[in-house]
Amino acid sequence: MNALAGTSRNFRLASRLLGLDSKLEKSLLIPFREIKVECTIPKDDGTLVSYVGFRIQHDNARGPMKGGIRYHPEVDPDEVNALAQLMTWKTAVADIPYGGAKGGIGCSPRDLSKSELERLTRVFTQKIHDLIGIHTDVPAPDMGTNAQTMAWILDEYSKFHGHSPAVVTGKPIDLGGSLGREAATGRGVVYATEALLAEYWKAVKGLTFIIQGFGNVGSWVARLIHERGGKVIAVSDVTGAVKNQNGIDIPQLLKHKEATGSLTGFSGGDSLDPSELLVHECDVLVPCALGGVLNRENAAHVKAKFIIEAANHPSDPEADEILSKKGVIILPDIYANAGGVTVSYFEWVQNIQGFMWDEDKVNKELKRYMTQAFHNIKTMCQTHHCNLRMGAFTLGVNRVARATLLRGWEA
């Protein structure tokens, strides 16, 4: 089941639980605006190439739309649509005043030089500058884009609208980016995990963790779990997997990866078949990589008691059912990885005020938002007698529905 079908299914289930009016349900699914632009640029060798850029703005009932821009060869309107919709519910779960959007350009960033990427980003910005804005739609980095991409968008947008640092988030610190943004998603995952474990009178200290994916999110999760006395017993990424029953020395592993670019050959652990990682014995499993890694083939063999979805859509609906029957507690992606967008919101707030926070304040506020959101989800679970995924979806959908009704959607 693809991302769009999965998201729409969860939305429909939530809407049934909430007893939403069928017309309102239908209108909440329809995107506010879909933008498609052709971006033609000269390559370094002088030839002209054209790329298709998208921006899907899903809903703005609760505030300006917010979502990433990805540069990837398979930027497919269906997937962008699903991700825009997911952002609408995610921002509502975190209780930040945004709606959802998503965008991208169908290109392979690896095959483009830095100057070609800059030209492409600037042409894309020229085509959509009057449809994004501080109080309209605020883009952010995603797959294949980074702080530098945001700097180019900011510069190009500012040529038309004057200096506007709040038009994008995930910027370099020197241009109004927020401290703590780099670690935000991973740190949010850890705060979410702590909130969940506290429900079961447990703490990170002393539990065993397995982390799939060791990119930005996975490496921060590992580092922070390690600092809190949790035992990370196995880690994997595209280069391979490493395990150590007594707990991996994460700072050493980070040094090894920095030096060699790979997890293999690390002296502080044994190699492990990456496919066995997900079904290895542990207390908490944290998928931080791709979607769909837990499916009907492997779900029955998962031995973890808790699964924290740091990736988007790591478990497909069939896996969800199998795991629920086994009594595995799943903390859903729509909440677990909302730390990134929450700190993006802090960045936007700081830019609008023209007053920057120190990193301690960013982390303290992030913890407050993540903890509060968890308690709100638990309340929805109790009200509707449902699992955490439906608790999060009902919370998000209900907030958007209420805002839509208050604003008068039929007029």
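Using N, Cα and C of the backbone, Cβ positions are placed for all residues, glycine too.
Going by TrEMBL, these are the annotated features:
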type	residues	note
BINDING	Lys66, Lys90, Ser344	substrate binding site
ACT_SITE	Lys102	active site, proton donor
SITE	Asp142	site 'Important for catalysis'
BINDING	Thr185, Asn216	NAD(+) binding site
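Residues near Lys90 (substrate binding site) in space but far in sequence (CB under 8 A, at least 6 apart, same chain), listed by position: Gly100, Ile334, Tyr335, Ala338, Val341, Gly396. Comparing CA positions across the recorded positions Lys66, Lys102, Asp142, Ser344, the one lying closest to Asn216 (NAD(+) binding site) turns out to be Asp142. In sequence order, Asn216, Val217, Trp220, Ala310, Asn337, Gly339, Gly340 constitute the residues six or more apart from Thr185 (NAD(+) binding site) in its chain with CB-CB distances below 8 Å.
Take the CB of Asn216 (NAD(+) binding site) and look out to 10 A: across all protein chains shown you find 15 other CB atoms. When the record's substrate-binding residues Lys66, Lys90, Ser344 are compared pairwise by CA position, the greatest distance found is 13 Å. Cα of Ser344 (substrate binding site) to Cα of Asp142 (site 'Important for catalysis'): a distance of 12 Å. Of the recorded residues, Lys66 (substrate binding site) and the residue listed as 'active site, proton donor' place their C-alpha atoms 7 Å from one another. Counting only the Cα atoms, the space from Asp142 (site 'Important for catalysis') to Lys102 (active site, proton donor) is about 9 angstrom.
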